[in-house]
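Below: one structure, written as structure tokens.
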């Protein structure tokens, strides 16, 4: 079924003629533009609180989950064991991305687990699934394709969309399976990476937390490594907007990624928030996290005040337990390679690849939304009518979402405030079966701040919508810091390559990479995009394919110099030629136009809080610089074709390789 057929099925049956539909579309477009214009006029970019230096918020940068003294002692043992040593491979980040880097290079046979050191600021494996333990947490992409290495570990997820605790335990399962549990150094903050041109290695410096001293005492970190892989994730640290007089508030505050069960009651495994029965709770933010949190807060709080700037588009979820009989039949019928094929089936539908597969294996809200390919790209993205075709699909879909709000929420004013008036690709689509219904509860109040914003905090709460709201507990569902552009910047690591060149400078002044994973003058340093690499909705697929690509580059290089066996690896220096990375940057630029549709969106993190709307006023030089920072514009399938064909040539074309000894 093509996009037109899907769109026709969701059209308002009271308006079926083409002329009527065009009139409806024109009216909707006017409403979208009015909403965007209003938010651009009233929505200033609020600076973020520096949670590392502000004493009121410093607890947000600490690890609240290490209450096991044995675990703390084990972490400190590995800190002492690994600090000050040289390692063949240093992986910064111990979430799914870091684990995939480790597993894929081990699978090449060129390295063992003992050659690898993983470091992370947290106290365990999991990345975002380590830090986030809020009530209602689950993945919003099908767990059978989101949870990596299911085929290799033999694990069957409990439900179509797995819970947070299950996702965290799976990270630990991967570490145990590949003997990585003893190759991790937790409580580590890498502050700088410097290339040693004489020694041909990377030097990492930073801080190591002392968990026995309430995470207040920090020792110096010094490591060196032949290869470094950055896998610290897309979102570096919790974002707390620096609202006016926020420090004057006397009540309790916490961020969703540092959920305080001591305040709310319950636990990640049993989130009964029994301590909120006499509390007025305020949650700020209504993005993908809040969609999962609000139903739980609504159930247990005396009062829940939801402060909303832009409503999310919330479709149905329809989660259900995994049927073991179906699972075993699926494994038997699909055979080896089933997970990768299932992932790519999902990519084909969400990336609007043509022709589409005969069977939609996932069959959920994502795969029936080809218009979201505006974000990740599609092979047809550069077609002159592509945006028009995606709008033709998206208009009726968004109207169906708004109709769902009207049907579910009893109060008409609240329903209108919860209705999304923007294209479906402007804000991450959400899927939940209980969020909208929560606003029918008598203890839940929606405060719409899209026009006036949050004015200021007071000792008892905050002022918004012209009056003071007294709140006992504030929950910040305000996302993560995303302001910096380079892989080092997002991880808050100062990276300096050859001849004193910083990564931030290169990203801001003519970024060029080879395939979005390596850049000249930063030898042996690898990163998983997203600039100049392919991206897709299922982020673990992207991470896995980039990890596989990096593993190929390193192992093929070692084969080329005659050192392919683990245990014998003379030092080698790998980086792209200037010509190769410039050629790749030009190819990225040629496909960058697809991202221009974001300028028509309400402000959000997809368009850097509306900055895309200011593109017209930039010089051509600045536009070209920004164009180099985007992801591959034709979608993940096209990107994979590029790198698979490159590997198929077997020449490591575009790479400069030097053997050190």
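Glycine too: its Cβ is placed from the backbone N, Cα and C atoms.
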*Of the ranges 20-42, 43-65, 66-88, 89-111, which one does Swiss-Prot list as transmembrane segment?*
89-111
*In angstrom units, rounded to an integer, how far apart are the Cα atoms of residue 141 (FAD binding site) and residue 287 (NADP(+) binding site)?*
16
*Take the C-alpha atoms of residue 287 (NADP(+) binding site) and residue 130 (FAD binding site) and report the distance between them in angstrom, rounded.*
20
*Enumerate same-chain residues with a sequence separation of six or more from residue 289 (NADP(+) binding site) and a Cβ-Cβ distance below 8 A; give 'none' if the list is empty.*
132, 134, 256, 477, 479
*Tally every other Cβ atom lying within 10 Å of the Cβ atom of residue 138 (NADP(+) binding site).*
18
*Shortest C-alpha distance to residue 130 (FAD binding site) - which of the recorded positions 138, 291, 309, 382, 538*: 138
*Recorded NADP(+) site residues 138, 139, 140, 286, 287, 288, 289, 290, 291, 292, 309, 310, farthest C-alpha pair in Å*: 24
_Cβ neighbours within the same chain of residue 382 (N-linked glycosylation site) - under 8 Å, at least six residues apart_ = 591, 593, 594, 633, 634
